[in-house]
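Only one structure is covered here, and it is reproduced in the block below.
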Amino acid sequence: MARFVVVALLVLLSVSDLEAIQHPPKIQVYSRYPADNGKPNFLNCYVSGFHPSDIEVDLLKNGKKIEKVEHSDLSFSKDWSFYLLYYTEFTPNEKDEYACRVSHVTFLTPKTVKWDRNM
């Protein structure tokens with residue numbers, strides 16, 4: 001019986017250690033094609049290397065959430081960190097600003113990364 005209790009305790013400690021691992025997401029915002037004003041394109045926000053898996057990602061146009069956004073399935077890398085791709089169709093122009101806002105347990109406040117049309 002004592003052996004079972006020790007094994008159970010070790011398992012619980014191991015699981016709690018896994019939950020304690022936290023890695024902030026790397027955020028990359030880019031378009032599928034080079035930016036050309038007036039030409040349809042896709043805006044991508046790739047978040048990677050994060051743990052735990054709970055994350056909230058929004059694509060923004062002029063600071064407001066874009067509603068029609070699709071995303072890949074949550075996947076994980078060899079190191080057990082997670083990654084996702086969020087994307088939407090958009091038509092760039094000179095006046096509109098686009099960004100990706102990410103909320104994760106590793107951030108005190110959501111982090112926003114702007115799209116750089118020259119990247």
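Glycine residues also receive a Cβ, built from the backbone N, Cα and C atoms like all the rest.
Neighbour list (Cys100 (disulfide bond), Cβ cut-off 8 Å, at least 6 residues apart, same chain): Ile27, Val29, Cys45, Val47, Val57, Asp58, Leu59, Leu60, Tyr86, Thr112, Val113, Trp115. The annotation disulfide bond is assigned in Swiss-Prot to Cys45-Cys100.
Taken from Swiss-Prot, the feature domain 'Ig-like C1-type' applies to 25-114.
The annotation signal peptide is assigned in Swiss-Prot to 1-20 on the grounds of similarity to another entry.
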**Message:** Is it possible to get the count of other C-beta atoms within 10 angstroms of the C-beta of Cys45 (disulfide bond)?
**Reply:** 26
